[in-house]
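In TrEMBL this protein carries:
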- LEU20, THR27, LYS156: xanthine binding site (BINDING)
- 23-156: domain 'Phosphoribosyltransferase' (DOMAIN)
- ALA128, ASN129, GLY130, GLN131, ALA132: 5-phospho-alpha-D-ribose 1-diphosphate binding site (BINDING)
Amino acid sequence: MQLLEERIKADGRVLGDSVLKVDNFLTHQVDYKLMKEIGKQFAETFADAGITKVVTIEASGIAPAVYVAEALDVPMIFAKKSKNITMNEELLTAEVYSFTKQITSTVSISRKFLSPDDKVLIIDDFLANGQAALGLIKIIKEVGADIEGVGIVIEKSFQDGRKSLEDAGYKVVSLARVAKFEDGQVVFAQADA
Ligand code: G4P
């Protein structure tokens, strides 16, 4: 997605040799106009998949996911990383290990929001090692819903998230694919959409 690549080039900052900071349009401050275009792009790509729910994980997946849900006219559900006192119904949970943060967190979704008839599109802001998406897949499979694909805003292709997801049989669609960082600049690989 050219608009997204241009924005990453203009506003993204490379930190060290493996992290891209995009906090002025995606992970902290959010550019809703860009999110809206991202939503339209994913909706177009998955137009024939019969998606009934969009699922993401808090926090930074929520902004793109809600615009995908709007474009597909379906609900968006985000997995929670901490349980609060109102979550008193049956929960579906998965352990997610973050290589970046080196912590394991338990993520959960209330069972009442998913049914075996659902066709789910998973959306996330970053794909690094794929652990967040794999955790969501475990939860969604537990209710017997179908997973039609994983939509990623920014994939770091030099990490093995895509391979893990494709090896497990899932379609991955990334709007920007970072092949590498060179002299503080982002080098893109061919994106999926
Ligand atoms: P994985 O899910 O693909 O295995 O990724 P990993 O555990 O390595 O990443 C953990 C967190 O760091 C995730 O956010 C992920 O979105 C984010 N992340 C990974 N690589 C980058 C990067 O290059 N730049 C930025 N900005 N973030 C990156 P999270 O823990 O779910 O945090 P948040 O969504 O609550 O902010």
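Heads up, the Cβ atoms here are built off N, Cα and C, so glycines get one too.
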Per DSSP, three-state class assigned to ALA132 (5-phospho-alpha-D-ribose 1-diphosphate binding site): helix
Chain-internal residues near GLN131 (5-phospho-alpha-D-ribose 1-diphosphate binding site), provided their CB is under 8 angstroms and they sit 6+ positions away: VAL96, TYR97, SER98, PHE99, GLY161
LEU20 (xanthine binding site) CB neighbourhood, other CB atoms within 10 A: 18
Binding-site residues clustered about ASN129 (5-phospho-alpha-D-ribose 1-diphosphate binding site) [Cα within 10 Å; pool: LEU20, THR27, LYS156]: LYS156
List of residues, in chain order, with Cβ under 8 A from that of GLY130 (5-phospho-alpha-D-ribose 1-diphosphate binding site) and at least 6 apart: ASP160, GLY161, ARG162, LYS163, SER164, LEU165
Cβ-Cβ neighbours of LYS156 (xanthine binding site) (radius 10 Å): 23
Inter-residue Cα distance where the pair is ALA128 (5-phospho-alpha-D-ribose 1-diphosphate binding site) and LEU20 (xanthine binding site), in Å: 11
Binding-site residues: ALA128, ALA132 - member with fewest neighbouring CB atoms within 10 Å: ALA128
Reduced DSSP assignment, THR27 (xanthine binding site): coil
C-alpha spacing of ALA128 (5-phospho-alpha-D-ribose 1-diphosphate binding site) relative to LYS156 (xanthine binding site), in angstrom: 6
THR27 (xanthine binding site) versus ALA132 (5-phospho-alpha-D-ribose 1-diphosphate binding site) - Cα distance in angstrom: 16
Shell list (5-phospho-alpha-D-ribose 1-diphosphate; ref centroid = CB of ALA128, ASN129, GLY130, GLN131, ALA132; cutoff 8 A): VAL96, SER98, PHE99, LEU127, ALA133, LEU134, GLN159, GLY161, SER164
LYS156 (xanthine binding site) - helix vs strand vs coil (DSSP): strand
8 Å Cβ shell about LEU20, THR27, LYS156 centroid, xanthine site members excluded: GLY12, VAL19, LYS21, VAL22, ASP125, PHE126, ALA128, ILE154, VAL178
